[in-house]
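Comments concern the structure below.
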């Protein structure tokens, strides 16, 4: 009945309840009007009193069962069930007293029905401890009204028994007057009572069994707990007591006609605080301090935004030209300084190498002269490509194989140490042109080399051959087999190299150490040529694998140098023609240059005075270097020109090998009409990388001066005392051509 309020009126559903109420009230009324007066006189006045009390009890329970809320659960709101409606499973199991009970999802009310709850199809509500929907009371029988329904059945049964019994007593005393009104009304009441007595008594007996067993009509009909244990039973007495004497369950829905505003203060709501200062304890690396912070929302949000939007500062942008100026005036002292010169970088950059912050590359001053070999020989580029791919990146592309050698002088943090190049070029001329000459058997060769110190480059930390330009390979560069040791003479190490990522002095450590263990070194051209032995280009290419480069680790200067190489290609070709033309006009082959007079070591050994095998002409000997001594000048004109075979050249390919095998080296005068490809090509840079520090610079006494001090005593790789030596060839210094390279570096080329 209560659920009919606010809904559409349906008269059909009130027919059963109206019939039941009419029969109940009408039969009892007729009984009291026509039968009870005689029973009061004949039997006892208690009879009408008893029937009246029972009738009131029946009527009260009937009213309670009809109009009372059975225990309807409120439906879920739209915003409450929108997340669970489609994703929720149909059933969910819960454990009650160790027994699994299944709960079903209600698609109408949008929640899982509690145990013993069911959705009434007539009322369209989920009812707690749903028993059944009774049409005679027009209400669902649930937890809250089952007691009254059960008492109604009991009292109605008792009332019907009393009305039928007292009516039968009245009829038996009035058999001779059956046609009388009082007897006829009593017979009608007895018929109605008897007619409904059988179903009411049957229903009452059924519910008495359910109450005794602690079940509901729904559980009994659907067969729940039929083969198992009912977790909700309390025993017979406990079940009856629970039904008849338990407190009334609360109501879950409010009466729509009564909307009572209730002010609820949940305990989890905190009172509003004023804008007072709150002491906040901040832990900063073990130091605790109290900071007064404003509790305002704007200040807190500002702190959050600041912490979120704050990004680590970017590393300083490298200025190529400013770094060149600073590198010209700096020395190894800044590299060996105890104070770090690198700026503080954030965590995301501190594991990446910083390029250009430490002066590891020294460029030429304008007063120094650079003599370059400009013959367009692809072999020079081949050796340039094999330039220590472990200490700095190999950036030569295959289509640049024909580019001249001076591309290595581009302005880049990874470029060569040009001072060391000029100071050791004369020693390379002696060694490279004599690589295939047979060394003297009993002579012990001594090489003045700058090998990385054991503490700096340990074998365990060296990277592999195919290592990329990573941070580990930059700090611990390894030495390739072809670089650290001569292939023709495995026991003789070649000149060391200077890694651009470590100071020069770190590589000078073992120079005095080698001088202590070795005797006086011999400076015979034969020994130097054997010390710098050569390999065939095929074996060198097979031995060397291309080194992958991680371009994301390269600096901006290196990436710019790659783009600028194409621009210099045309300029190099023009320079190549001019230099080659002047070189062909030269007439003297300087082949046996010795070391300067000021070299600190002792005189040459006797081995240097033995007969010198035939040597090959080199274009490096044609450019920029006067003969050192009159002895060497006189011996240069008496040398025998021997043919160079293809096995002594590192730079010949398939067709070039056959041509050079048949070609004899002649004077540049006789070769002036030959094509540029047939000109003998200098292997001065064939085996040693141009970045190697010269033997002259590394063979000094343990007292190491700065690079600037050494550079002031040398011009074009010679000492100042020898710079004024008259040239053996008048046409050697006919003109000087200035070339400006990348980064403002000026090169003077003697042609």
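Using the three backbone atoms N, Cα and C, a Cβ is placed for every residue, glycine included.
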Self-check item: transmembrane segment per Swiss-Prot - which of 186-206, 207-227, 228-248, 249-269
Solution: 186-206
Quiz item: For which of the residue intervals 149-169, 275-295, 296-316, 317-337 does Swiss-Prot record transmembrane segment?
Solution: 149-169
Quiz item: Are residue 93 and residue 738, as annotated in Swiss-Prot, on matching sides of the membrane?
Solution: yes
Quiz item: Near the Cβ of residue 134 (active site, S-palmitoyl cysteine intermediate), how many other Cβ atoms are there if near means within 10 Å?
Solution: 23
Quiz prompt | Same-chain residue ranges lying at least 6 outside the topological domain 'Extracellular' (35-41) that approach it to Cβ under 8 Å | solution = 47-48, 51, 166-167, 169-170, 173, 182, 185-186, 189
Quiz item: For the topological domain 'Extracellular' (35-41), what are the DSSP-based totals of helix, strand and coil residues?
Solution: 7 helix, 0 strand, 0 coil
Quiz item: Where DSSP helix means H, G or I and strand means E or B, what are the helix, strand and coil counts for the topological domain 'Cytoplasmic' (63-148)?
Solution: 12 helix, 30 strand, 44 coil
Quiz prompt | Same-chain residue ranges lying at least 6 outside the topological domain 'Extracellular' (170-185) that approach it to Cβ under 8 Å | solution = 30, 33-35, 38-39, 42
